[in-house]
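Notes for the one structure printed next.
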Amino acid sequence: RRLSWTSSQCPHENRQKPQEAVQKRTFTKWINSHLAKHIPPLEVKDLFDDIKDGVMLLALLEILSGQKLPCEQGKKLKRIHWVANIGTALKFLEGRKSAYRGSPIRLVNINSTDIVDGRPSIVLGLVWTIILYFQIEELTSSLPELQAFSSSNSSLDSSTSSTDTTSPPVKRRPLALQGGARKALLRWVQQTATKCLGLDVKDFGPSWRTGLAFFAVINALRPNLVDMERVWRRPNRENLQEAFLLAETELGIPQLLDPEDVDVDKPDEKSVMTYVAQFLKHHPDRKQSDLGGKPEEAVTREQRKSQRELKMWLDQLEKEAVDAQETQGNLAQQYQVSVFKSLQVQLEMKRKQVEGALQSTQRDGMLTVDQALVKQAWERVSNRLLDWHLRLDRSLPAPLGTVGEWLHEAEGALRQEITVQQAHDITASTVHRALEQHKAIKAQVQPSICMCSVKYLNVDDVDALAVHSCWLIHCE
C-alpha cells in the first residue's frame, strides 16, 4: 500500500512541477523589471534562494509602494535577521487594504520561516499576492468602464491570498466587483480587444495558446501595429514569439512569458495574468480618466505611486553621495572616480522627470504633499552634490581652487531667475545688475585660467597632469 500510495502521488507532483517552473520564471522576470529601478539595480537569479534573506523582497516592496521599510543588511546576516526581514515584509503587506473589498490582505499559510526555508509553493504564493495587489488590482480598479459594475462582495482566485490594494494615503470606497481582479481583467480583455474580432477568450489559460488574444490586445491599444489577417492562421509559437517581441519593442512591456510556456494544453493562468495586466498601463481611457477627477483627487494613484518612487530614488541617491564623500582617496580619484561624476549624471538624467512630476494638477496651483516631498528631496540632493563639487574644487592647488570657487559663484548667478516686474524699468535694472555681475566674475577668472594653462600644460609631473585633466573636465 505504501508503495502504491507513493506512486499514485508522484504523477500529481510531477504535473505541478512544470507549473511551478513557469511561475518561477515569470515571477522572477516581473520582480527584476521592478528591481531594475533600484539604486544600484538589483537582480534576482534564483527566486527561491535570493528571497530568503528578505533584502530583495523589502527592496521590491519599497519600489512598488514608494515607502521606506526597515531592513537588516550586510554580508554576514544570520537566519534570525532573515526571519526579521521577511516578518517586516509580511507585516507591511497585512497592513494594507484591498481596493476591491476594503479589508486587509490575508496571507493564508504564509509565514516567515517557510520563506526563509525557500519552500517553492509558499514563495510563489507570496509573490503572487504581491502581483495581485500591486499590479493587477491596482490597475484594474482604476478602469473607468469597470466602475459601473458593483456587487456586495468580491474574491480573488488565489490559493494563498485573498486580495490586494492600492495606495494607502488615499481613502476611497472599495470597488465591489463580482469575481475580483481576475474577472475585471478578463472583462477588460473581452470588451476592448477580443469580442470585436470574434475571439472567444473565457480564461487566462487555453484561450491564449494561439497567440491571437495577445495580438488582439496589442491591436486594441495600437491598431496600426498588427495585421490581424496575417497572423490568423500562423503557428502558435510564431505568433507568440512575435507578439511578445512587438509588445516589448513598441509598448515597452517586458517579455515575462516564453512561447513554449504558453503553447501547452493548460498554460499557467497566474503567469498569463501577470503578463496581460501590464497592457493596462497603455489603456487610453484609463489615461484620460487619470487626468480628471475631483480637485483633491486630481493626482491619480499611478501618479502618486510614481512620485513616491521618485522621492525614494532621490533619497537613495543622497545616501550614496553621503557614503561616497566619506571614502578617502587622492584628489584625482575623488574628482575622476566616477562616484561623484556618476551621481551627478544620474541626477541630471532625472531632471525632466522631476520637472514633470512637479507640474501642479490642482486648481489653486499648489503642489500636493507628495509633490512637495519630491521637490524637497530634489533640492536636498542637488545642494549636496553642489557643495561636494565646491569642496573638491577648493581643494585643488592654486590657482585652480580659486578659479573653481569663482566658477561656482558664476554658475550660482546664472541659476538665479529674474522675475519680470510690471514696471519695465525695474526689470531692466535687475537685468543690468546681473550682466555686470557676470562680467566682473569673468574678468576675475580669465587671468587665473591663463596661469593654469602656463603652469600645468608644460610639466612632466603625472599628478599635475591629472589635476589639470580634472580641471578640463570641470570646465566642460
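Every residue, even glycine, has its Cβ placed from backbone N, Cα and C.
Keep in mind that TrEMBL annotations are predicted by a computer and have not been checked by a curator.
Keep in mind that this is a model prediction, so the values were computed, not measured.
Per TrEMBL, the features are:
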| type | residues | note |
| --- | --- | --- |
| COMPBIAS | 1-11 | compositional bias 'Polar residues' |
| COMPBIAS | 151-167 | compositional bias 'Low complexity' |
| COMPBIAS | 286-305 | compositional bias 'Basic and acidic residues' |
| DOMAIN | 21-135 | domain 'Calponin-homology (CH)' |
| DOMAIN | 179-284 | domain 'Calponin-homology (CH)' |
| REGION | 1-21 | region 'Disordered' |
| REGION | 151-173 | region 'Disordered' |
| REGION | 284-305 | region 'Disordered' |
Residue counts (helix, strand, coil, in that order) that DSSP gives for the domain 'Calponin-homology (CH)' (21-135): 67 helix, 4 strand, 44 coil
The domain 'Calponin-homology (CH)' (179-284): DSSP-derived helix, strand, coil residue counts: 73 helix, 0 strand, 33 coil
Averaged pLDDT score, the domain 'Calponin-homology (CH)' (179-284): 90
